[in-house]
Amino acid sequence: MASPSRRLQTKPVITCFKSVLLIYTFIFWITGVILLAVGIWGKVSLENYFSLLNEKATNVPFVLIGTGTVIILLGTFGCFATCRASAWMLKLYAMFLTLIFLVELVAAIVGFVFRHEIKNSFKSNYENALKEYNSTRDYRSEAVDKIQSTLHCCGVTNYRDWKGTNYYSETGFPKSCCKLEGCYPQRDADKVNEEGCFIKVMTTIESEMGVVAGISFGVACFQLIGIFLAYCLSRAITNNQYEIV
């Protein structure tokens, strides 16, 4: 057992660790809120793009939302554990932080490795969406219209891609291909955007997903600090049999 004088000397050290860990936990809780907001933003902003990928890709925003929610709950638990100066709760907090860090690391590696497959999947599904495009407004047709009108593009590589579709043979170009709002292009190529959507979509996805990846990577690295602080405080409390007065 540590002597009273030694415990008295370690009190400022433990108090310092507690203060720093409380500040960290609050910031960590805020990052959870940010990650939750990014997930909701990704669901709303990138929904049209995700709908033209495979079904697994549509779950990406929900993963971010779920991760943000878990971080908020974990941050609340970490704050409680730090205030109580409970060694076992702090060890549990560090363990959960480590687990989330590993999950985020694996997700980042998988996303990086399969990034080219995402591009190929989008191009293939976009081509199929054009072939099956119809005026009944199914979700794929709505996604095509939204992308073409938002990015001012037409077709996959260029506007000529529409000429091989059933919709074009019956109706002509869709209104979403129009250069100007309110025009009726029908078969008049002079009234439609000539540039294809694939390159524009990939540029948009890479830029916006870059924001998501950057925030996620920052949160993951930030967790290493929390793991270190929680472990150090837990060890100090255990070794010196610190008690709250």
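Each residue, glycine too, has its Cβ placed from N, Cα and C.
Keep in mind that what you see is a predicted model, and the values were worked out from it rather than measured.
Residues or ranges marked as transmembrane segment by TrEMBL: 21-42 (among others). Below 8 angstroms of C-beta separation, residues 60-72, 74-76, 78-79, 82-83, 208, 211-212, 215-216, 218-219, 222-223, 225-226, 229-230, 233 of the same chain, each at least six residues beyond the ends of the transmembrane segment (21-42), sit close to that stretch.
The transmembrane segment annotation in TrEMBL covers 62-80 (among others).
Tertiary neighbourhood of the transmembrane segment (92-114): same-chain residues 63, 67, 70-71, 74, 77-78, 81, 213, 216-217, 219-220, 223-224, 226-227, 230-231, 234, selected by CB-CB distance under 8 Å and a gap of 6+ residues from either end. Look at TrEMBL and you will find 92-114 (among others) tagged as transmembrane segment.
Under the heading disulfide bond, TrEMBL lists CYS154-CYS178. Taking the Cβ of CYS154 (disulfide bond) as reference, residues of its chain lying under 8 Å away and at least six apart in sequence are, in sequence order, GLN148, TRP162, PHE173, SER176, CYS177, VAL192, ASN193, GLU194, GLU195, GLY196, CYS197.
Feature annotation from TrEMBL assigns transmembrane segment to 211-233 (among others). Within the chain carrying the transmembrane segment (211-233), a Cβ under 8 angstroms from the stretch's Cβ atoms is held by residues 14, 17-18, 20-21, 24-25, 27-28, 31, 34-35, 38, 42, 64, 71, 78, 81-82, 85, 90-91, 93-94, 97-98, 100-101, 104-105, 107-108, 111, all 6 or more beyond its ends.
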